[in-house]
Amino acid sequence: MTKLKRLALAAVAAAALAWPAMAANTSLTMGMVLEPPHLDPTAGAAAAIDEVVYANVFEGLTRIDSTGAVQPALARSWEISEDGKVYTFKLAGGVTFHNGVPMTADHVVFSFERAMAEGSVNAQKQLFAPIETVEAVDPATVRITLKNPFGALLFNLGWGDAVIVEPSSADTNKDQPVGTGPFKLDRWVKGDRVEISAYDGYWGDKPALASATFKFISDPAAAVAAVLAGDVDAFANFPAGEALEQFRADPRFEVTIGSTEGETILAINNQQKPFDDVRVRRALSHAIDRKALIDGAMFGNGTPIGSHFAPHHPAYVDLTNRYPYDKDGARKLLAEAGYPDGFSATLKLPPPSYARRGGELIAAQLAEVGVKLEIIPVEWPQWLEQVFRGDDFDLTIVSHTEPMDIGIYARGTDYYFNYVSDEFNAIIDKLNLTAETEARYALMGDAQRKLADDAVNVFLFQLPKLGVWKAGLEGLWENSPVQANDLTGVRWTQ
Amino acid sequence: MGAFLLRRLLALAATLFGASLVIFLVMEVLPGDPAAVILGTGAREDTLAALRAQMGLDLPAHARFLGWWGEILTGSLGVSHTYGSPVTELVGERIGVTVPLAIMAILLSTAIAIPAGVFAAARHNTAADAGVMGLAQLGVAVPNFWFAMLLILVFAVWLGWVPAGGFAGWDKGWQAAVVSLLLPALALALPQAAILARVTRSSVLETMGEDYVRTARARGLTRVQALWRHAVRNALIPVVTIMGLQFSFLLVGTIIIENVFYLPGVGRLMFQAIAQRDLIVVQSLLLIMVAAVVTVNFAVDVAYVLLDPRLRLRGRGDG
């Protein structure tokens, strides 16, 4: 055997040995706590739907990136008319759906009209409420005309609920999603996993991953075991905060604590006595030690907040010192309001551990200023029916995970806080009519301060995003401005 | 025998109908609107109404109950609210995990319990007996999900022999499927085995005192020979009875175990359907479980009658 032959053989052998390792490094198994009920982001509110398909399988005109900023997606550029009412979008070229159909402006018109139609079951139908008409100017241009100027339109079009779908597959997207994204669905083994793989005909930059599997593991202890045993490469929303120290100490894993859009609040029924008195609400805000709460209920993970706004957002105003922890101050305010000996109330707690664990701590803290709480644990469907729709509650703990949702406080008695303020509504009205970023941010600041002044709810902490993944994996979102597992930029470095 | 079977079959049908009515009524009073669960906190009233109409939830209760029975009689069980696919299809996909899991659990618990029980009986009042019964006591006291976590920790996390959970799928070959069911089956089997071992032991001890065992000993068989050839066989009748009774516990156990091992079985489907208020799936699964338990009991009754004609006469006297 010549030297050259031997070298060639060695090279082949090395390549053969290296091949499986390389192949393994383009696939990812991602753990998720909840299985999506179906895979159509335009027909359900479940976060798990977007966690699988957002940006991976389906795309909208715009997209929201990991910092929460609006980026071009299927719309490569747009122009806004002087009066802020007409948006003209230029669409990307060469876009095809996973079933081979080329995407045109007609598909955008179809998708939005479907979502806006009477009888539509889009869970976020109100996102489209400002829209008057959607027209296809030519195959690559879409014009959206609004009833009034609406500053959040570009952000709202980046939601999963506003993705572009293709008419022949629209009704079967629940089971067989057909989008324009870089990944297509391979297989959904219900109760177990969803498998996706790179779509050859993708119009944009190809992702580094060739395939990915989402595995559904709801039990926190099972999630810990699955990561330790190597069955799962990553958990972007890890359900077992108590196990994080163990992973931090293990060089095989990386732990990242990010922020989410989840404002966790002690929600107050503002029309219910004695909570209709702002002094009582302020007393509650003073009586709660947020630091102790975060340590006790969240194992130290979570950022205190003083109003209904995410700390990672550029328009955030730090109002955490508006009501410092002050038991005497709380007692004084209660006495002024006519409750020197405190009072009794109920606290309804939905299932997540931030609520159940947090609720016990809050009950203990409020007891110290004389407010005696009866804790009533409820299931989610009950919570939605009794608390959210029925206004049948005094206090509850919940995380509001919708992005940029400060506008819910303008809904008055249509929303379960039952907060009525003309002054606040005026701020939001002005915000809706403003498209210029700096002016919008200033108004968002005013809105935050107003909510804090009125102590509408006790603003507790921003829900953290607990990420645990194998070392050598990069590109997963640290924060979660929308509930998504965007895999387009994910790769293995080792 | 024909009349007996017919009577029992009619009773079975009546039981199922009664159970379906109770299940439906319980679902009715359970708080939680399935449409609200699907659409979440952002939904508007008109969207909710549209979805309710789409799911048939706007119909009056009796119409929905009759509609459900219409579906049952045509063998379809209705369409899941959340998944949008027929319940029979959902159950069909998952039964291939749960039934093999249950069978493995029964086989494992029998394989552990009967030798252990006989062994303890044969060494009655010795340290070995006390040891086996002590373990059985522990097995009865410890819940199966705790066993599950222990097994995962030892065999998946520390030793790395098996995955921590999940199901390989039958298409990956039966060995892979069996391996992924091994730990869950063991976790299900251990508490069952503990109960069965105690029953086996006392049953064997009882039969050891019977005349025919003494006769066998008198014919020159050793104690152990008499035990295996005569006592054990007769002692198994009450053991089989207990196994039949344990069947319903096994069904409930799979709901927990399938969740801990994230297996795509019927138990996990039940768990998810309850969380999502997928009423049609929950009520259909409950009915299937009731049907399974009632059918197993029916089969046990028939087996008794076949084994022991005296029961048949007694049955006729009662009726």
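One-based numbering along the chain as shown.
Using N, Cα and C of the backbone, Cβ positions are placed for all residues, glycine too.
Remember, TrEMBL labels are computer predictions, not curated facts.
Taken from TrEMBL, the feature domain 'ABC transmembrane type-1' applies to B:95-298.
Only residues 6 or more beyond the boundaries of the transmembrane segment (B:9-27), in the same chain, are considered here, and those with a CB under 8 A from a CB of the stretch are 61, 64-65, 68-69, 72, 279, 282-283, 286-287, 290-291, 294-295, 298. Among the features that TrEMBL reports, transmembrane segment is placed at B:9-27 (among others).
Beyond its flanks by at least six residues, the transmembrane segment (B:101-122) meets 128-129, 132-133, 136, 178, 181-182, 184-186, 188-190, 192-205, 208, 223-224, 227-228, 232, 236, 239, 243, 250-251, 253-254, 257-258, 263, 265 of its own chain at Cβ-Cβ distances under 8 Å. Taken from TrEMBL, the feature transmembrane segment covers B:101-122 (among others).
The feature transmembrane segment is assigned by TrEMBL to B:134-161 (among others).
Residues annotated as transmembrane segment in TrEMBL: B:173-197 (among others). Within its own chain, the transmembrane segment (B:173-197) has Cβ neighbours under 8 Å at 97, 100-102, 104-106, 108-110, 112-114, 116-117, 120, 132-133, 135-140, 142-145, 147-148, 151-152, 155-156, 162-163, 165-167, 239, 242-243, 246, 249-250, 253-254, 257-258, 260-261, 263, counting only residues six or more beyond its boundaries.
Sequence annotations record features per position, and here TrEMBL assigns transmembrane segment to B:235-261 (among others).
If you look up TrEMBL, you'll see B:281-307 (among others) marked as transmembrane segment. Counting same-chain residues at least six beyond the ends of the transmembrane segment (B:281-307), those with a Cβ under 8 angstroms from any Cβ of the stretch are 1, 4-5, 8-9, 12, 15-16, 19-20, 23-24, 27, 68, 72, 77-78, 80-83, 87, 90-91, 237, 240-241, 244, 247-248, 251, 266, 269-270, 273-274, 315.
Beyond the ends of the transmembrane segment (B:235-261), by six or more residues, the same chain brings 97-98, 101-102, 105-106, 110, 113-114, 117, 144-145, 148-149, 152, 164-166, 183-184, 187-188, 191-192, 195-196, 199-200, 203-204, 206-207, 267-268, 270-271, 289, 292-293, 296-297, 300, 307 to within a C-beta distance below 8 angstroms of the stretch.
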